[in-house]
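J.: I am attaching a structure below and will ask some questions about it afterwards.
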Amino acid sequence: MGEKRRRRQRTGPPARGAAAGERSLIAAESCSSLNSAASGGELERAARRQFQQDETPGFVYVVSVFSALGGFLFGYDTGVVSGALLLLKRELNLDALWQELLVSSTVGAAALSALAGGVLNGLCGRRPCILLASGLFTAGSGVLAAARDKETLLAGRVVVGLGIGVASMTVPVYIAEVAPPHLRGRLVTINTLFITGGQFFASVVDGIFSYLAKDGWRYMLGLSAVPAVIQFLGFLFLPESPRWLIQKGQTQRARRILSQMRGNQAIDEEYDSIKNNIEEEEKEVGAAGPVICRMLTYPPTRRALIVGCGLQMFQQLSGINTVMYYSATILQMSGVEDDRLAIWLAALTAFINFIFTLVGVWLVERMGRRKLTLGSLTGTAVALIILASGFLLSAQVSPRITLNPTDPSHQNSTCTKYSYCNGCMLDPDCGLCYKLNKSSVVESSCIPVDEHSTMKAAWGRCSNESIFKKEDLFWAYNFCPTPYSWTALLGLILYLVFFAPGMGPMPWTVNSEIYPLWARSTGNACSSGVNWVFNVLVSLTFLHTAEYLTYYGAFFLYAGFAALGLVFIYGCLPETKGKKLEEIESLFENRLCTCGMSDSDEGRYIEYIRVKGSNYHLSDNDASDVE
């Protein structure tokens with residue numbers, strides 16, 4: 001099968017009769033004179049409009065939007081916890097461990113359900129899995145809204161995580177399988193747009209309900225039931241993936257659905273291509289044994305799996321979910337004192353993430369997956385260095401502790417050993433009580449934090465909120481007063497500006513494309529599982545990493561991981577833009593470290609098509625769009 005595909009790519013399709021208005025394929029290097037004979041961009045655009053614009057029915061967009069509601073729920077439920085934690089840690093007295101558990105339990109459950117989702121997708125199909133995810137989102141939201149203690153909250157976050165995992169690996173696959181080639185990248189990227197839209201909406205909800213001193217977090221965590229119910233009801237009337245149906249032998253139903261998805265286009269060629277591809281793969285790979293074993297023993301799918309899992313791993317190691325989960329907390333660490341202001345600034349960062357993901361939707365079919373990913377990760381590494389530098393500057397001007405009052409409880413607190421605010425801030429049991437003289441910190445002391453509330457000290461001048469505010473005293477927990485708080489906000493904004501268009505959507509987009517049909521569910525399950533496992537590792541360890549490496553050390557570490565990711569992507573990621581799903585497997589027939597390094601323009605062809613009596617030439621990428 002691999003040799004057949006290579007031969008087809010080298011020689012192109014056989015020429016057919018001109019009377020039939022069909023194509024002849026001629027190598028570009030032998031036809032430079034014909035290139036200049038055609039009337040350039042205008043004719044190309046006319047040809048593309050003829051073959052594309054009239055051929056994509058609105059039903060494809062309806063299906064994609066209802067599918068992407070799973071992405072919205074993914075984004076909302078991972079993003080809403082950032083603001084909710086600021087209220088929960090005060091109302092339920094959550095320490096750092098419980099805060100990390102409420103974040104990472106969702107991620108851990110998502111990792112497990114993403115892996116299980118691969119099996120469910122293969123057995124039951126894409127549609128039942130999306131319905132299952134909607135049901136889990138609805139149930140989890142109800143548990144969270146009604147929770148009375150932190151243990152129930154933890155259970156609700158686990159249920160929501162199970163829904164996130166199934167949705168995260170199913171939705172991109174479903175959209176990729178129903179989308180036409182010239183829209184596939186854009187439609188799959190819409191799923192990531194909905195993820196970032198969900199995160200932005202969560203931040204706005206956090207900001208609105210932060211003014212409710214009691215139970216505001218219940219509304220934050222419970223509102224996700226609304227889009228979950230809408231998606232569930234919508235998918236009761238939407239179809240299964242035609243590619244999955246063909247694989248399962250339900251050919252008549254598959255043809256009917258494919259016809260719905262393609263409108264006026266003739267579907268015979270696409271249907272035959274899918275069916276023949278499945279038959280060839282079964283002959284070459286064999287149908288016996290677990291799918292993951294067949295993937296690992298067949299070189300093209302093994303290489304694709306390494307690339308797909310590597311993309312997801314480096315997405316997480318570059319720190320995105322640390323930034324999104326803890327955005328409000330990071331802003332407090334940088335010196336933003338007010339909870340509500342921190343929440344609204346976090347909403348600003350989520351909005352930037354959403355807007356620049358929209359930029360990615362526009363760029364993905366213009367720049368291609370490879371260039372967009374490389375440019376995005378380069379900018380992400382630079383932004384992480386800026387973010388880390390901001391924390392480093394803040395640490396270098398950390399206020400000196402000038403007062404060391406005696407602990408009346410005689411508990412020998414570790415807080416008295418610190419000479420600077422930076423050390424006091426890194427200790428989760430301590431906070432800073434101080435006065436301001438103009439912009440300078442004076443009369444500062446490191447005091448144990450109250451065991452019931454992080455908003456005041458356990459004893460001393462800052463132990464009574466109403467009194468110490470009247471006396472012009474200030475209490476800082478988890479941050480130090482600094483003139484460099486703006487650098488953290490700048491670093492966060494630049495991070496999202498660069499991350500959102502490329503490294504945000506491309507791991508999901510590429511993974512939805514690079515596996516053959518027989519391996520697509522398992523490949524996406526494995527790569528999604530890798531994403532969630534590294535999500536757990538990064539989010540569970542962030543606060544403790546910051547404690548031991550300092551905050552700037554943690555972000556310098558993420559910048560180093562981003563640099564390693566650049567090397568990996570440059571060598572291993574090929575360009576999949578404009579290719580049919582059945583053609584992409586051949587890109588991984590080269591050795592792994594050379595898959596991404598071949599010139600994407602090498603061996604280009606000129607393809608001539610007859611449109612209303614005139615010949616037009618298109619590049620190979622454009623030609624694939626109109627097939």
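Quick reminder: no glycine exception, Cβ is built from N, Cα and C everywhere.
In case it's useful when we look at the structure, here is the feature table from TrEMBL:
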COMPBIAS  1-10  compositional bias 'Basic residues'
COMPBIAS  11-22  compositional bias 'Low complexity'
DOMAIN    63-577  domain 'Major facilitator superfamily (MFS) profile'
REGION    1-22  region 'Disordered'
TRANSMEM  58-76  transmembrane segment
TRANSMEM  96-117  transmembrane segment
TRANSMEM  129-147  transmembrane segment
TRANSMEM  153-175  transmembrane segment
TRANSMEM  187-213  transmembrane segment
TRANSMEM  219-238  transmembrane segment
TRANSMEM  304-326  transmembrane segment
TRANSMEM  341-364  transmembrane segment
TRANSMEM  376-395  transmembrane segment
TRANSMEM  484-504  transmembrane segment
TRANSMEM  525-543  transmembrane segment
TRANSMEM  549-573  transmembrane segment
J.: Mean pLDDT across the domain 'Major facilitator superfamily (MFS) profile' (63-577), rounded to an integer, is what?
T.: 86
J.: Is the transmembrane segment (341-364) close to the transmembrane segment (129-147), in the sense of at least 3 CB pairs under 8 angstroms with a sequence gap of 6 or more?
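T.: No, since the transmembrane segment (129-147) and the transmembrane segment (341-364) share fewer than 3 Cβ pairs closer than 8 Å, they do not count as touching.
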J.: Give the nonlocal contacts of the transmembrane segment (549-573) in its own chain as ranges (CB under 8 Å, at least six residues past its ends).
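T.: Same-chain contacts beyond the flanks: 303, 306-307, 310-311, 314, 317-319, 322, 333, 369-370, 373-374, 377-378, 380-381, 384-385, 387-392, 395, 422, 426, 491, 510, 542, 592-597.
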J.: Mind pulling out the one from 58-76, 376-395, 525-543 with the most Cβ pairs under 8 angstroms to the transmembrane segment (219-238)?
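T.: That would be 58-76.
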J.: Ranking 96-117, 153-175, 341-364, 484-504, 525-543 by the number of C-beta pairs under 8 Å to the transmembrane segment (304-326), which range is first?
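T.: That would be 525-543.
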J.: Thinking of Cβ pairs under 8 Å, which stretch from 153-175, 341-364, 376-395, 484-504, 525-543 has the most of them with the transmembrane segment (187-213)?
T.: 341-364
J.: Could you check whether the transmembrane segment (341-364) packs against the transmembrane segment (484-504) - three or more CB pairs closer than 8 Å, residues at least 6 apart in sequence?
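T.: Yes, the transmembrane segment (341-364) and the transmembrane segment (484-504) are in contact.
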J.: Counting a contact as 3 or more Cβ pairs under 8 Å, with residues at least 6 apart in sequence, do the transmembrane segment (58-76) and the transmembrane segment (153-175) touch?
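T.: Between the transmembrane segment (153-175) and the transmembrane segment (58-76), which are separate recorded stretches, there is contact, as judged by 3 or more close Cβ pairs.
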J.: Sequence-remote contacts (6 or more beyond its ends) of the transmembrane segment (484-504), Cβ cut-off under 8 Å?
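T.: Contacts of the transmembrane segment (484-504) (Cβ under 8 Å, skipping residues fewer than 6 from its ends): 192, 195-196, 314-315, 318-320, 323, 327, 330-331, 333-336, 345, 348-349, 352-357, 359-360, 363, 372-380, 382-384, 386-391, 393-394, 397, 555.
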J.: At a C-beta cut-off of under 8 Å, are there same-chain residues at least 6 beyond the transmembrane segment (153-175) that contact it? List them, or none.
T.: 63-64, 67-68, 70-71, 73-74, 77-78, 81, 88, 92, 101-102, 105-118, 120-121, 126-127, 129-130, 132-137, 139-144, 147, 184, 187-188, 190-191, 221, 224, 228, 241, 508-509, 511-512, 520-521, 524-525, 527-529, 531-532
